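Peer 1: Annotation comment: TrEMBL describes 63-93, 185-227 as domain 'PAS'. The feature domain 'PAC' is assigned by TrEMBL to 122-174, 244-296. Annotation source TrEMBL lists domain 'Methyl-accepting transducer' at 311-547.
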Amino acid sequence: MASSHSSHGSSIANVLVSTRGKGTPVTVPATNGRRSSAMDTAATDAALEFQQQLAAIGKSQAVIEFQMDGTILTANDNFLKVLGYSLDEIKGRHHRMFVDVAEQNSPAYAEFWARLNRGEYQAAEYKRIAKGGREVWIQASYNPILDSAGKPFKVVKFATDVTAQKLINIDLSGQIAAISKSQAVIEFQMDGTILTANENFLHVLGYSLEEVKGRHHRMFVDPAEQNSPAYADFWVRLNRGEYQSAEYKRIGKGGKEVFIQASYNPILDLNGKPFKVVKFATDVTEQVKMRRGMAELLDTIGGTAIAIAASAEELTTVSQQLTTNAGDTAQQANAASATSEQVSANVNVVAASSEEMMASIREISKSATEAARVAKAAVTIAETTNQTIHQLGTSSSEIGKVIKVITSIAQQTNLLALNATIEAARAGEAGKGFAVVANEVKELAKETARATEEIGQKIEAIQTDTQAAVKAIGEVSQIINQVNDISNVIASAVEEQTATTTEIGRNVTEAAMGTNEIAGSISGVAKSAQLTMAGASDTQTAARSLSEMAASLQLLSSRAKES
């Protein structure tokens, strides 16, 4: 264990006797020949005692010594066994060989040795790297050893291998962390005061840690339960160290109802006395709601099963009636089918007749249109004739005037002839020839007068006839106008009748098609009625099966409620 030093004669001249308190090492002075024998004996005894103490420590702990720069001086078998090296493999090398590469050049590692060089004691749990890169955890103290002047000259490290315990702790910490990730966790004092809670618990109840820490567990309990004997007994049993587990209803923030499957676990101290309670919980609110919903659903299913059974009985009755009605329907449909076929034939005849009537009406329409045209032409001709006859009457009047003039001239001529005859008679023989001429003129005047009179009479007759013709033609024109108006009315009526007849023809055609479809539909109804009879029979069978299923459903519902 011990090593030589240039200013000391014994390997145990300077040993650590205390590293507690403020971390100041204490040294024992070396003996020399100038002391008295009594002092030599006391010093020797003290040295032997310290040597034995160091030997005892070396047997139970891993011990290694370093120079102040970190160079390894020596190490005992316990240390070498823990790190997996031989003394020759480490002696003279630096302490950093046991340190993680990421830590070797860190400011913290440099400060670690600086503090040792200042004589400051270092103790903690350290991770070290053993031979082959194996990870080792040690609980160690680094103890600066001071010379007679109080200056550190080496460091002795006492260590205990805690790797196994560290792995156990890591495993336990990992398990606790895993539980904390998956479950809601909260801790209480034994009086129910909240110490802490994880995020899962706070999320389930809707609080922050500041809102629950220091308050009592009853803040999560229904007011009706807070002062109940059962709640008081709950905490009494926990204080006796009794584990509690069940499904609990709790009240979250804002009064929301939460259901949890939880265990309350009293944690015992070294004396077996509970000092806190840790609760692990899982939110089962949705499962409880689902369970309640399932119970309601089972009640509904039970009621539905009863209703189905009743409906099945009613369905049986209805299907029986349906069978009877379907038979009657089939018979009536067959009769209706025959009738509809006859109606279809009659409608087809009507359709053909309607088509013929439409052809006749079209011919009448054509003739009426032609008659209207002729009537209009007759009106025009009558009007023209009427004008011509009016003109004829006017001309007759003019001729009458001329006749009157001629009559007047004839009278004057006759008068002149009479005068000429008288003058010829006076003239005697000389006037004979003139008398002959005068006589002829007189006869001619008479003839002219007589002819003119006849012409006048004929013209009067013509005028009379013309007036009668004008009147007759006027009446004919009125009649032709009436005929024209009637022809127009007939043409319009025929046109309307044509449109109506066309619509009738179309409707009759559609009716013929409809009656054909009706005949087909009724035939289908007859077939459907027959199928309905078969279906009604199947329905009776299904109704019986439905009734049996309803009974089974009621039984299953009852069993589900019981379970």
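Yeah, the Cβs are placed from backbone N, Cα and C, and that goes for glycine too.
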Peer 1: By Cβ distance under 8 Å, which residues at least 6 away from the ends of the domain 'PAS' (185-227) in the same chain are close to it?
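Peer 2: Same-chain contacts beyond the ends: 179, 235, 238-239, 249-254, 256, 258, 260, 266, 274-281, 283.
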Peer 1: For the domain 'PAC' (122-174), report the average pLDDT of the model, please.
Peer 2: 93
Peer 1: Looking only at the domain 'PAS' (63-93), what are its DSSP counts of helix, strand and coil residues?
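Peer 2: Going by DSSP assignments, the domain 'PAS' (63-93) contains 11 helix, 9 strand, 11 coil.
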Peer 1: Mind checking how the domain 'PAC' (244-296) divides into helix, strand and coil residues in DSSP?
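Peer 2: So the domain 'PAC' (244-296) is made up of 15 helix, 30 strand, 8 coil.
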